[in-house]
Amino acid sequence: MENMAEEELLPLEKEEVEVAQVQVPTPARDSAGVPAPAPDSALDSAPTPASAPAPAPALAQAPALSPSLASAPEEAKSKRHISIQRQLADLENLAFVTDGNFDSASSLNSDNLDAGNRQACPLCPKEKFRACNSHKLRRHLQNLHWKVSVEFEGYRMCICHLPCRPVKPNIIGEQITSKMGAHYHCIICSATITRRTDMLGHVRRHMNKGETKSSYIAASTAKPPKEILKEADTDVQVCPNYSIPQKTDSYFNPKMKLNRQLIFCTLAALAEERKPLECLDAFGATGIMGLQWAKHLGNAVKVTINDLNENSVTLIQENCHLNKLKVVVDSKEKEKSDDILEEGEKNLGNIKVTKMDANVLMHLRSFDFIHLDPFGTSVNYLDSAFRNIRNLGIVSVTSTDISSLYAKAQHVARRHYGCNIVRTEYYKELAARIVVAAVARAAARCNKGIEVLFAVALEHFVLVVVRVLRGPTSADETAKKIQYLIHCQWCEERIFQKDGNMVEENPYRQLPCNCHGSMPGKTAIELGPLWSSSLFNTGFLKRMLFESLHHGLDDIQTLIKTLIFESECTPQSQFSIHASSNVNKQEENGVFIKTTDDTTTDNYIAQGKRKSNEMITNLGKKQKTDVSTEHPPFYYNIHRHSIKGMNMPKLKKFLCYLSQAGFRVSRTHFDPMGVRTDAPLMQFKSILLKYSTPTYTGGQSESHVQSASEDTVTERVEMSVNDKAEASGCRRW
């Protein structure tokens, strides 16, 4: 009998019932047998006395038919459980249906209509909640069912206590029939979930996969519409879950806009040297980067967008047609695509889309410009990138494995980059030098050297752009610039280790600080190997600034200007671009930009051919004029070295004080409160103390502090250094 009662409570399903259709529920089954259901016409014609109570409906006829979600087509009606409602009033109406006026979208418990004016809960069996007055029932529905519901797209999935059949199959694949307690019914896949937290995670997984309607129940459902995003006058279609790389094939990150604009300016500056350029976006995803190249640079570039995923390749082709760019596979298809071009439609350019492994493609073809932006580290693709890159070509590498580069996962950095790293105050520049060192080693293995044009390390990525110099001599010169760094753990002073193969007896003498003599134990560690040379090319950065002004990229102009100040190691107030006799001076937005006349196609030989000795010599002279004296490596954080009990000066004033003291100084993009200078740490803290004011004076004038003797200043600096060292030592040990 218990099994029979459970069977009576199981939901009964009927197919193809209209939304507005009115039904009279069939009588409950008895223990003797279950009669066949009468046809709809018989049910409609059956008289119902007004005085007699309505017959009891079938127990737990739960999953009645209802229209599917608004996003589904009308012909694909999906079944919705009665526990899924839009408003609390809809849930209350289930319990107050009288005299055969039953909504086809609802199904009632057999105890809904009891003697008198008592009603039973439509979502609870009689054993759990007996029939009661209307005000009690409303309070029960609101407190027990509605308040603990899960909301999704305007619907509320309320908690259900009916003994419904589990829809989710077991491990073998069969559906288990077992008695269930409180549970939820999923509006998307009709699965039964017991806990609310599990239901939230279940719905969230549906959203991550882009499943926003009942695709499991509906016979025919349309795919979720693709969203169209616009960046730099380029439209791209993206999937609903485009921001989650683990859940989508076409990952698109809006936070990488600065990265895309920097690479575009790099390519635009290179296009002024020689045309046309063979460009490769090795990991296309949505193809946004290659589309911007082809749309704004036109015939100056020949763009190839590659991706290994078939869905991404299809999406790239759709985005090409969306931006009126023709997809070229071979010459025949190019001719056909030109014939298909509609009247009045303008062909902005051609893009070659390939579905191939990036390593295989870079081995098969040679390029002038290669951009690598894999998901994670890029060390697996560096050897292939330098294998066929043309002479004086450019390779840009975007690394998003910031957990290892920023010393959060040190063992991963040792595994991928073969370097030792710890968390320091200059960890972002340390990450950039680690990536450049890996790029330099990969180029040297292919008998090529590199010249670093710029390196940027921001919150989400590390971008390194290098120019390739062919020849074993350039490779040897590049390899010599990879050195180890000695870092003091007490005061965070640092210096690159001297060249030589001989083992030094006391490497602590290379550090400017005397922490090893005043502190117990070993005070310094060896980091690296790292890139020890310059990270910026001033001449190339100025050309990038001109391209950003020319194309109206306002977002990165401030960043490029900061890079120029950093490469010259000069304060912003002293920034100026001097024009020479062979330089065209242009003014745009109040900034003077120079463009050289000798950077034309005459200075470069055709694709893949080597230069003559005379042209290589001229190029070397040009590079020497572009690059000024190398900037000092690394920087100091002014907050980290502030004096206890003193109000430090403003950063802009402090830069002037360091410059007046005879040191090179500039701000850095790696740290908003960082100061790049060639001053030792002791001098840095001495000047910082000299122009700081005591906190208890309430804004004491600087002249009083400057009148202190040099001996007193030195003593206080040493005391502050020792205090900082002891504090940092306590944290480390």
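Just so it is clear, glycine is given a Cβ too, placed from its N, Cα and C backbone atoms.
Copied over from Swiss-Prot:
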COMPBIAS  39-49  compositional bias 'Low complexity'
COMPBIAS  57-73  compositional bias 'Low complexity'
ZN_FING   184-206  zinc finger
DOMAIN    227-688  domain 'Trm1 methyltransferase'
BINDING   Arg260, Asp307, Asp357, Ala358  S-adenosyl-L-methionine binding site
BINDING   Cys488, Cys491, Cys513, Cys515  Zn(2+) binding site
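Structure coloured by features recorded in Swiss-Prot.
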| residue | record | contacts (Cβ under 8 Å, 6+ apart) |
| --- | --- | --- |
| Arg260 | S-adenosyl-L-methionine binding site | Glu231, Ala232, Ile288, Met289, Gln292 |
| Asp307 | S-adenosyl-L-methionine binding site | Phe283, Gly284, Ala285, Gly287, Val313, Ile316, Lys355 |
| Asp357 | S-adenosyl-L-methionine binding site | Leu308 |
| Ala358 | S-adenosyl-L-methionine binding site | Ala282, Phe283, Asn306, Leu308, Leu372, Pro374, Tyr381, Ser384 |
| Cys488 | Zn(2+) binding site | Arg494, Leu511, Cys513, Cys515, Thr523, Ala524 |
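Helix first, then strand, then coil: DSSP counts for the zinc finger (184-206) stand at 11 helix, 4 strand, 8 coil.
Candidate binding-site residues: Cys513, Cys515. Fewest other C-beta atoms within 10 angstroms, Cys515. Cβ neighbour count for Cys491 (Zn(2+) binding site) (all protein chains, 10 Å cutoff from its Cβ): 22.
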